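Peer 1: Here it is, the structure in full.
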Amino acid sequence: MRTTVEVSLLASLLSVVLGYVVALHLARQSARRRAALMVLVLLPFWTSILVKSYAFTIILGREGIINSFLSWALGAEVVLPLIFNRVGVMVGMTNYLTPLVVFPVLASLLAIDPALYRAAEIMGAKPARIFLTVTLPLSAPGVLAGALSAAVMSLGFFIVPALMGGKQDIMLANLVDFYTREVLDWNVASAVGVILFALVAIFAVPAMLLRGKQQGAR
């Protein structure tokens, strides 16, 4: 259970950081350009997670694209451990979870009144201060919604840890599969399933309450 929580929280954090940067970039584009870029954001959802996991093994493998490029660029053999460990799991999960963060954050950013930015500039605020005092606080509901959604989804990941992780990255969903298919111990599998359900509920309930609160505010 500890591994599942650690992996889920870390993947959610990385997805929030990356998703916020992407959403901030999209919010600053024209409507037409934003629509075109959003198609690229949705690409991870249009591709099978199984296919993507195998693709990442080619990209991140010992003789994959990244290590081959670094070896060519540096003129010496470079073998970075990017797959079958926690790094590989983070890459695979973040790739899938980031769009879940982008859209709620983007909605919050687009809802901010542009007059607030102009007022801050008139008062002499620098871009960094405008971001910390205007953009970030007003987009916080979207960030929270995206983070909770990413956390809920990450808890049930199965394929990515199985194909891209190591023995130390086994998550609860992998344990359920192990006890049902390999050991045939349905009692233990059921107990693990209950624990997984409880963890999902811990994140899902606040997400549902936040969504209801936002809809009520409208």
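Placement of Cβ uses the backbone N, Cα and C atoms for every residue, glycine included.
Note that this is a predicted model, so its numbers are computed, not measured.
Found this in TrEMBL, in case it helps:
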- 1-207: domain 'ABC transmembrane type-1' (DOMAIN)
- 33-52: transmembrane segment (TRANSMEM)
- 64-84: transmembrane segment (TRANSMEM)
- 96-117: transmembrane segment (TRANSMEM)
- 138-166: transmembrane segment (TRANSMEM)
- 186-210: transmembrane segment (TRANSMEM)
Peer 1: Taking contact to mean three or more C-beta pairs under 8 angstroms, with sequence separation of 6 or more, is the transmembrane segment (33-52) in contact with the transmembrane segment (186-210)?
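Peer 2: Between the transmembrane segment (33-52) and the transmembrane segment (186-210), contact is absent.
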Peer 1: For the transmembrane segment (96-117) and the transmembrane segment (64-84), check the count of CB pairs under 8 Å (sequence separation 6 or more) and say whether it reaches 3 or more.
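Peer 2: Between the transmembrane segment (64-84) and the transmembrane segment (96-117), which are separate recorded stretches, there is no contact, as judged by 3 or more close Cβ pairs.
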